[in-house]
Amino acid sequence: MAQEFVNCKIQSGKVVVFIKPTCPYCRKTQEILSQLPFKRGLLEFVDITATNNTNAIQDYLQQLTGARTVPRVFIGKDCIGGCSDLLSMQQNGELTARLKQIGALQL
């Protein structure tokens with residue numbers, strides 16, 4: 001169930017972030033990504049606490065990405081990590097390049 005839930009969210013050409021609304025790093029990640037000109041429907045924040053499977057989802061994220069912490073940011077089908085990884089990519093210009101590469105931004 002958790003595996004199915006996560007796998008159906010992760011899609012090429014889309015950015016998906018698994019979050020918990022009370023997490024300050026999740027809020028920072030949302031703030032960073034929400035400032036970018038995404039094409040409609042290509043940025044999704046998934047609140048894992050809205051399901052009854054929060055622990056199972058985090059266990060599957062651990063299996064999939066090597067970490068069960070949130071946020072877990074997927075650019076296309078690739079997990080780039082969490083908030084600090086996103087900040088690092090933003091600072092070195094890699095974030096915009098990757099988002100353009102998957103066609104997620106309005107140019």
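From the backbone N, Cα and C atoms, a Cβ is placed for every residue, glycine too.
Database features, via Swiss-Prot:
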MOD_RES   A2  N-acetylalanine
DOMAIN    3-106  domain 'Glutaredoxin'
MOD_RES   K9  N6-succinyllysine
DISULFID  C23-C26  disulfide bond
DISULFID  C79-C83  disulfide bond
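Sequence features annotated in Swiss-Prot and their locations in the structure.
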residue	record	CB count, 10 Å
A2	N-acetylalanine	18
K9	N6-succinyllysine	15
C23	disulfide bond	17
C26	disulfide bond	23
C79	disulfide bond	19
C83	disulfide bond	22
A2 (N-acetylalanine) to C83 (disulfide bond) - Cα separation in whole Å: 22
Among C26, C79, C83, which are recorded as disulfide-bonded residues, the nearest neighbour of the residue listed as 'N6-succinyllysine' by Cα: C79
C26 (disulfide bond) and C79 (disulfide bond), distance between Cα atoms, whole Å: 15
Whole-number mean of pLDDT values that fall within the domain 'Glutaredoxin' (3-106): 97
Cα-Cα distance linking C83 (disulfide bond) and C23 (disulfide bond), given in Å to the nearest integer: 11
